[in-house]
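A.B. asks: Let me begin by handing over the structure; questions about it come next.
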Amino acid sequence: MPPTPWAPHSYPPTRRSDHVDVYQSASRGEVPVPDPYQWLEENSNEVDEWTTAQTAFTQGYLDKNADRQKLEEKFRASKDYVKFSAPTLLDSGHWYWFYNSGVQSQAVLYRSKKPVLPDFQRGTRKVGEVYFDPNVLSADGTAIMGTCRFSPSGEYFAYAVSHLGVDYFTIYVRPTSSSLSQAPEAEGGDGRLSDGVKWCKFTTITWTKDSKGFLYQRYPARESLVAKDRDKDAMVCYHRVGTTQLEDIIVQQDKENPDWTYGTDASEDGKYIYLVVYKDASKQNLLWVAEFDKDGVKPEIPWRKVINEFGADYHVITNHGSLIYVKTNVNAPQYKVVTIDLSTGEPEIRDFIPEQKDAKLTQVKCVNKGYFVAIYKRNVKDEIYLYSKAGDQLSRLASDFIGVASITNREKQPHSFLTFSGFNTPGTISRYDFTAPDTQRLSILRTTKLNGLNADDFESTQVWYKSKDGTKVPMFIVRHKSTKFDGTAPAIQNGYGGFAITADPFFSPIMLTFMQTYGAILAVPNIRGGGEFGGEWHKAGRRETKGNTFDDFIAAAQFLVKNKYAAPGKVAITGASNGGFLVCGSVVRAPEGTFGAAVSEGGVADLLKFNKFTGGMAWTSEYGNPFIKEDFDFVQALSPVHNVPKDRVLPATLLMTNAGDDRVVPMHSLKFVANLQYNVPQNPHPLLIRVDKSWLGHGFGKTTDKHTKDAADKWSFVAQSLGLEWKTVD
């Protein structure tokens, strides 16, 4: 079909004010910065009316695609297949695992009726019994289960519940003798205890050895779940099962450092409680350790501050007595494993598994009472190795696999489970059994079977291209085997490039369906700012060097066209959250004609205001701080809102945000689209925004129906903006 007709300069009106903010620059002194759309930061009737008008205008454009409903139906069908997690054996003798029959919004927690591992290879038939079904927590599917944890005794199940995807959760507790499979009358589900622990955000649930209570992180109560005020004054509390939250003990809070946040864990033997302390989103934390007190948790936990300077990343793997094993990047950008002896006056730190210079250590688990399984990422492909109790590499596991792997296990048990996935691998779970003969230890436990799609019809390859400064960057390219690399295919280019997060291969039935339907390819460049190659790769794409991230992303699109992987003008870029920032920044930076379309979901766009809202202060380690004069110049230069060009044609652009997004607040998308529409009113391609007022959070936990409808809007926009032809026969 030809691109949907577009009449420039037809947007709903947007008021401009004379608001000006003044910043301090180390090179320029006082810098006045006009902010005519400052009023879009507010929760006001005017903003509500404006977003309603803009969204209705966008919907009018989307409604012109006659294939949109048909595309939504194909997306929904593509998601209808059985999904599952690796199982875990509790001390109670029950196996537990998550299972989704197809299009359930949330996976259901099942358990075995006997201590024997169920036979999961019996087709797609369900095995075991339902223990906890989070889909019945609310009639409309808006109650979402987040983190959850069983007590060491297996007697209790603690689970966090959020509504409409907000980042704040309430933790509930229920006995494992009480299942939930039908719609409840009580908040959090019938059969639970009266405990309700509120205002938890980015929390872990760490049970104490005696199973009498757990540690969690919370914030002070707010007037509203979607208040935009800056997050501060996090605290770690201890909740004793069967008591009210008012009785909870604060075990850690630092009023002098209100931006600090915390994570907790406990050793599997119950000997130690671990506390990690973060000052921002950088890969630097403190590590404090305390021995579990048999008399219970008290307000003044005697923390031993093993690592008490922010300089590197430290995360405990396990302990053998007083010797703890820690994964760290101290003097090792690619990470290594060290041991720390807590029995000495001054903790002794020694290398255990040394750094590999050409591969990043991403995950390490202790297995079978002292062995270790380590996953390395070499050129963005996972490799799995088994190590001895002495730290010697013994063997490589599943050497023929290409993709992403993860480990599920309990270290005292003789079995571990490896989950494999990739662009055309929906999911395979293998079991590694130390009690079996060497050649029979690794076996397939369960394989995902699709309905409608054939994953074998797709293939992926990895290429390397040069960025603007000559740096070589890897990129995955995925296609349906019938799609030719002859310069005629449209391309979907997805990226992230920030916070040391790796853009791993991922399985998406919706993406594969779109590719098959329109003959498109998928490109995923592993740009700087991510974690693909350790700390140096991240450092090369943050703060002052953040421009490299955009250069890498733009160069990827140019490479696709030049080498005939994609057609000129047919590259559509997409990204969410920080990836949305990547999209917005690339739109305003790229030469005219580089992209044909762009979709940003919940993206950061106003870099002069981001750290004033919710958790934004933590991102200053990534973006810089606009209120520090030494940072101001490079932050302003990075900000999409403040760098919209007036002298060139921009690609068709759709910004998607939720009205109550409490992580990346919607003002980012609102102000960016207002500037786009004002600066280039005669742009021959639409510059649109869709504000969802039915969902509050950053995108977490959407129902299957809602996720499918959102995807249909997104990909329908791409198809109609690029003028893509429906190729498959239905």
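Any Cβ shown, glycine's included, is placed from N, Cα and C.
Feature table excerpt (Swiss-Prot):
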ACT_SITE  Ser577  active site, charge relay system
ACT_SITE  Asp661  active site, charge relay system
ACT_SITE  His698  active site, charge relay system
A.B. asks: I need the most crowded of these active-site residues: Ser577, Asp661, His698. Count other C-beta atoms within 10 angstroms of each C-beta and give me the top one.
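C.D. replies: The residue with the most neighbouring Cβ atoms within 10 Å is Asp661.
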A.B. asks: For the C-alpha pair, I'd like the distance in angstrom between Asp661 (active site, charge relay system) and His698 (active site, charge relay system), rounded off.
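C.D. replies: Distance (Cα to Cα, whole Å): 5 Å.
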A.B. asks: Do you know offhand how many angstrom separate His698 (active site, charge relay system) and Ser577 (active site, charge relay system) by C-alpha?
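C.D. replies: Ser577 (active site, charge relay system) has its Cα 8 Å from the Cα of His698 (active site, charge relay system).
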